[in-house]
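Report on the following structure.
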Amino acid sequence: MFEMATSRRLLVLFTAFFVSVTVAASFSATDSDGGSSSDGSSSSSDGAIGRLGIPVPGRRNTTGPMITDLNACGPSDLPAHALPPFDCCPPPSSVPPINFTFPDPSEPLRVRRRMHALSPELLANFTRAVALMKALNKSDPRSFYQQANIHCAYCTGAYRQAGHPELNIQVHNTWFFQPLHRAYLYYYERILGKLLGDPSFGLPFWNWDAPDGMPMPSAFADPGAVLFDPLRNPAHAPPRLLDMHFAGADAANRSAREQAELNLRTMYRQLVTNAARPSLFHGQPYRPGDKPNPGAGSLEIYPHNHVHYWCGDLRRKNFEDMGVYYSAGRDPILYPHHSNVDRMWEVWRALDPDRHVDFADPDWLDSSFLFYDEEARLVRVTVRDMLDISKLRYAYENVHLQWVNAKPPVTPGLRRQRRRRVLEAVRFPVTLNRRAVSAEVARPRVARSRLAKAVEEEVLVVDGIRFDGGEVVRFDVYINAPDEYHRVGLGGRELAGTYMSLKRVGHRGLNLKDGFETSMRLALNDLLEDLDADADETITVTMVPRQGKVHIGGLRIDYVLE
Ligand SMILES: [Cu+2]
């Protein structure tokens, strides 16, 4: 319908920046460290412009696909107190990689089914396959040991960027999150099928988006079983339900029913509201020469990250295995978890076929990654290869999506309250540490027409999110609820989104004092209509720290045209 949707480069209109930034003065602060510090370092809003392809004077405007080279794999960025093995590069290949080819269309379709509802036969099959994989020699690229290392290599910066040896490749917090993990699971599944001698073997998915699938599937929780991992949070064995906002402690007095409802609303927020456009779902562009972590897509931030954290063992320094990327692949539950993440990509596209489309940018499509296939051959896989699962010969069992109807309700009695507040101006960057910070953010355009909204999504950009990477961080972002965000909680419409990061230690080649830096985007078109705030010239944004200490570089409104 709109030609712009097929433009080769994301076009984002940067029409204006916030005009006034204020911090709410009346939050009862329990420490003097948080709030409105200004250390004078500038945020990265110009960097975001550069990443999105609009030339910025004095900055290299990067272009081209990201190419992975086996010879450019080296030490990864492991956190302190990491558990061995420390080297996660794949075994060398005596021959150059072959290019990916699609499986024969006559191959049986591999159906990926709900883990918690597998028949006893299929469950036994799956368990046996993982046991066979674990029994392979560690030097075999198809062994469980090497499969676990793949996640470590791509997700902990073991590969250097071709042409930019000072920079590593980190697929999280970028537009490669979905395709990289899809290729990873594609081969993981085919290797398991090969070991079983079953070409129709499908990798089950952990159906955490449906109430009956929210507990950890019981097959993983049986100590001594092949799917068990001792490095997990023992409090999160079934029947406890996944908490999609887990922040290091289990919510007291929350019934299973309430938890399920909160999770369904979280799914709506991240897969419907905040995933309105391709880059909002997939993540921000990432090209050779770019610093890592331009910005994660909605699903990656949560529930994906929270599922990792919720599974990890809090008694371990880095919440191994699942709670930190370098070791996540050592827990067999990573794969059904990511099978559901991958399924959500298909679900997202089907929810709105006009706007929920994949990037057409050749820099994305032609980027490539290396995997060993089920015959132990090294294969170069491009993002373009990973877009059509019917060509990849797998499919997902159809499951009712209860969360599509779980839009969070507006909290009554909050509107206009912010108008009566006395706000004290401060400058970004601000430090979030224990107390909430509110800022008034100007909206360049108000009450746009339906057509204008169909063309452009209004997006709140939380930019220059910085932290030292040595701790888990989380903060919540509320719209127009500066005083009573407690009342909104995690289930109200005023909660626009949550930022959460697992421990992210080490950025080789980058100046470590910069720590970890990224950004987050929250979609506003529908949200502001629901809050009856679409005609307002400003919104009040309240950032509430929940865990760790974070610097925020700035807030602004963008209009995303994709
Ligand atoms: Cu993951």
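Cβ from N, Cα, C; glycine included.
Bear in mind that TrEMBL entries carry predicted annotations, made automatically and left uncurated.
According to TrEMBL, the features are:
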- HIS304, HIS308, HIS338: Cu cation B binding site (BINDING)
- 28-48: compositional bias 'Low complexity' (COMPBIAS)
- CYS73-CYS89: disulfide bond (DISULFID)
- CYS88-CYS152: disulfide bond (DISULFID)
- 142-350: domain 'Tyrosinase copper-binding' (DOMAIN)
- 358-408: domain 'Polyphenol oxidase central' (DOMAIN)
- 28-63: region 'Disordered' (REGION)
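Structure coloured by features recorded in TrEMBL.
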residue: CYS73; record: disulfide bond; DSSP (3 states): strand
residue: CYS88; record: disulfide bond; DSSP (3 states): coil
residue: CYS152; record: disulfide bond; DSSP (3 states): helix
residue: HIS304; record: Cu cation B binding site; DSSP (3 states): helix
residue: HIS338; record: Cu cation B binding site; DSSP (3 states): helix
Cα proximity to CYS152 (disulfide bond), best match among recorded positions CYS89, HIS304, HIS308: CYS89
Sorted by sequence, non-HIS304, HIS308, HIS338 residues with Cβ within 8 Å of centre, Cu cation B: GLU300, ASN305, VAL307, ALA328, LEU334, HIS337, VAL341
Set of same-chain residues at least 6 away whose C-beta sits under 8 angstroms from HIS338 (Cu cation B binding site): HIS181, TYR184, LEU185
Within the predicted model, mean pLDDT of the domain 'Tyrosinase copper-binding' (142-350): 94
Listed recorded positions CYS88, HIS304, HIS308, filtered to Cα within 10 Å of CYS73 (disulfide bond): CYS88
Pairwise Cα distance for HIS308 (Cu cation B binding site)/CYS88 (disulfide bond) [Å, integer]: 19
Pairwise CA distance, HIS304 (Cu cation B binding site) versus CYS88 (disulfide bond), rounded so that it is a whole Å: 22
Local Cβ density at CYS88 (disulfide bond) - other Cβ atoms counted within 10 Å: 23
Residues satisfying Cβ distance under 8 Å from CYS89 (disulfide bond), sequence separation of at least 6: LEU70, CYS73, GLY74, ASN149, ALA153, ALA158
Neighbour-count leader, CB within 10 A, disulfide-bonded residues: CYS73, CYS152: CYS152
Secondary structure composition of the domain 'Polyphenol oxidase central' (358-408) [DSSP: H/G/I, E/B, coil]: 12 helix, 13 strand, 26 coil
Surrounding CB atoms that lie within 10 Å of the CB of HIS308 (Cu cation B binding site), all protein chains: 24
